[in-house]
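Asks: Below is one structure. I have some questions about it.
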Amino acid sequence: MGSSPLPEWASEPCIMGIDEAGRGPVLGPMVYGCLYCARSFQKTLASLNFADSKTLKEEKREELFEKLKADSSLGWEVDVIDPRELSAKMLQRVKINLNEISHNSAIGLVSRVLNMGVLLTEVYVDTVGDAEKYRIKLSERFPGVNFVVAKKADSLYPVVSGASIVAKVTRDRALRDWILDESADNMHRNFGSGYPGDPGTKAWLDHHMHPVFGFPTLVRFSWGTCTPYFKDIVEVIWESDKLEEDGSNSNGGKRQLKLSNVGFTRNKKKSEDIESSGKGRCKFFQARKLELVANF
C-alpha cells in the first residue's frame, strides 16, 4: 500500500519517519507507518502542522491524512500486522517478542522504500527498546542511511509526526471496517478502544470468550490480558507439522500438542493422541488445527 508512483523528487536525498499505532491494545492489528519526502522539503513539512497522532482528535487526524495523501511532495507506506500473526509469533516454539516484531516491521518499511528507488539518506524512528542498540541494528542493516532513533520522536520530528498519523488513521480504519470471521448470532462490535484497561473492551472480551474456540480472531490471545480467561477453557489437542519440530519422532514426524504446552490452558487432565486427515472439513477448523475427537 502506498501513496502514488515514484515521484521525480525521489532521486534527490530524502528523509523518512517511522512510527507505530496499536502496540498496546489487546484487539486488532498493530500498524507501522512511514512518511518520506525530499530533504529539501523538510522546512515546508514543518509548516503542515503534523503532530503526534495521540494528541489529535480523530477528525483532525483524518483531515491531515487526506491532506498528506493529496500532497505530491510526500510519500507514505504502511505495514498492517494482523492480530493472529502477532499471537502466532509470540507463542510459537521459537518465540518472537513484540520488540523484535516491531523492529522487523520498521526494517521492512525501510527496505520497501529503498527498493522502490527512493534515495533515503536519513531515517527518523520512534524507539522500541534501547534507542542506541536499535540505531546500531538499523545502521548495520542499512549502512548507507543515517538513522536517528529517539524516544517520543513523533513529538520531535515532523516527518515522524506524519508517520504517526499515517499509522493511527490506518489502524482506526482497519478496526472500523473489521469484518469478524466468526458468525455467532450474539456477537457485536462494541469493543471500545481495544486497550486492556477499557471497561468496554473488558466487557466485550467477557461476552465473546468461547470455552472451546476461545476468542474471535480480532483478539491478540498472546496478551496477558487474555490469560485469566483460559483457566476454564476446554482442553484441545492439535497436530504439529513436522517442520515445526526440532527433530523426528516415532509418529512419522507428527506429534500431538496440547494447548497447555503453549500457555492456553491450565487443565492438567491427560488426553489421548488424536489423528484426523481433515479432508473436506470447514476452513474454520482447519485454520485452527482442531481435530475430531473419536474417544472420550
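Glycine residues also receive a Cβ, built from the backbone N, Cα and C atoms like all the rest.
For reference, TrEMBL lists these features for the protein:
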type    : residues             : note
DOMAIN  : 13-235               : domain 'RNase H type-2'
BINDING : Asp19, Glu20, Asp126 : divalent metal cation binding site
Asks: Counting every protein chain present, what is the number of Cβ atoms, excluding its own, within 10 Å of the Cβ of Glu20 (divalent metal cation binding site)?
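Replies: Cβ-Cβ neighbours of Glu20 (divalent metal cation binding site) within 10 Å number 23.
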Asks: So what's the mean pLDDT when you look at the domain 'RNase H type-2' (13-235)?
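Replies: Overall, the domain 'RNase H type-2' (13-235) comes to a mean pLDDT of 91.
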Asks: Around the divalent metal cation site formed by Asp19, Glu20, Asp126, list the extra residues of the same chain whose Cβ is within 8 Å of the site's Cβ centroid.
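Replies: These residues sit around the divalent metal cation site: Ile18, Ala21, Tyr32, Gly33, Val125, Val128, Ala153, Asp154, Val160, Ala163, Ser164, Ala167.
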Asks: Note down the number of other Cβ atoms within 10 Å of the Cβ of Asp126 (divalent metal cation binding site), including every protein chain shown.
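Replies: 27, counting other Cβ atoms within 10 Å of Asp126 (divalent metal cation binding site).
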Asks: Taking only same-chain residues 6+ apart in sequence, whose CB is under 8 Å from that of Asp19 (divalent metal cation binding site), what do you get?
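Replies: Correct list: Tyr32, Gly33, Cys34, Ser53, Val125, Asp126, Ala153, Asp154, Val160, Ser161, Ala163, Ser164, Val166, Ala167.
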